[in-house]
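Asker: Quick one: structure below, then a few questions.
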């Protein structure tokens, strides 16, 4: 009973901290001179990491197995993975663009895990025979870590597309409304001095904003590639370890189970993404489009089988209890 109480306390503390972190992020968007608040939000997500770590350790102790046997535990582990990804740039003293992705992702996954939809899964149960293997920790942890990294990288790519599209729309609108920026100057009388000053000022502001957006786009592109590359490595390890485990449990390395099929599709999509990164003509928007497609594929792979409750991996589904 004490373990369940500790679980309950830790999950609610971590969820509350993440909620506060997101509130602080919103405040920093409104008020830029809040370095102290921003640093507090960074440390807040680190505190969330330790709370979820405590939850996983406690659940591991009293259940007797690694806490990745059902959807509830995997969602908590996914939230824990988002926290890890968040801490990497923080401790390497890089500008943490991931924080705008990891914090909302953590609160979304943890909020869904602790919601009433998964109440029956909150109490740990005995492992089904298929999961009673030392490969459980290796295979499932690698897959969840890959989902977290690939989701973060894909969201960064989606942000890149949004900023690029918005920039193009704004430039088109400004070119329509400001003839000084696209056509010959029509200066008549003595007002031409003021008109020239206005044109130069507008041109400078537009150039500065475009330069800042260019920098943000380049950073988003760089970080999305890094995070997706890491996630692709985890995904490859997870699929290979799962194949070995499947051979031990079911006598075959690959069965084209729905989960296996969508994992292969996910791997293929992000392999295409990494291939586009090797071609300079396909980098940027083209590779971001591929990553955006991958974002949808990951959710189908992660939740699709769980919603349907079919195939060899149905023990982690909503209908398994």
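FYI, residue positions are counted from 1 along the chain as it appears here.
Glycine too: its Cβ is placed from the backbone N, Cα and C atoms.
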Asker: State the residue range annotated as transmembrane segment by Swiss-Prot; the candidates are 143-163, 164-184.
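Answerer: Based on what Swiss-Prot states, transmembrane segment spans 143-163.
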Asker: The transmembrane segment (227-247): which same-chain residues, six or more beyond its ends, come within Cβ distance under 8 Å?
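Answerer: Residues 85, 98, 133, 135, 138-140, 142-143, 145-150, 152-154, 156-157, 253-255, 260, 263-264, 266-267, 270-271, 273-274, 291, 294, 312.
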Asker: Counting only pairs at least 6 apart in sequence, do the transmembrane segment (44-64) and the transmembrane segment (97-117) share 3+ Cβ pairs under 8 Å?
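Answerer: Answer yes, regions in contact.
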Asker: Where else in the chain does the transmembrane segment (261-275) make close Cβ contacts, counting only residues six or more beyond its ends and a cut-off under 8 Å?
Answerer: 143, 150, 228-229, 231-232, 235-236, 238-239, 242, 287, 290-291, 293-294, 297-298, 300-301, 304-305
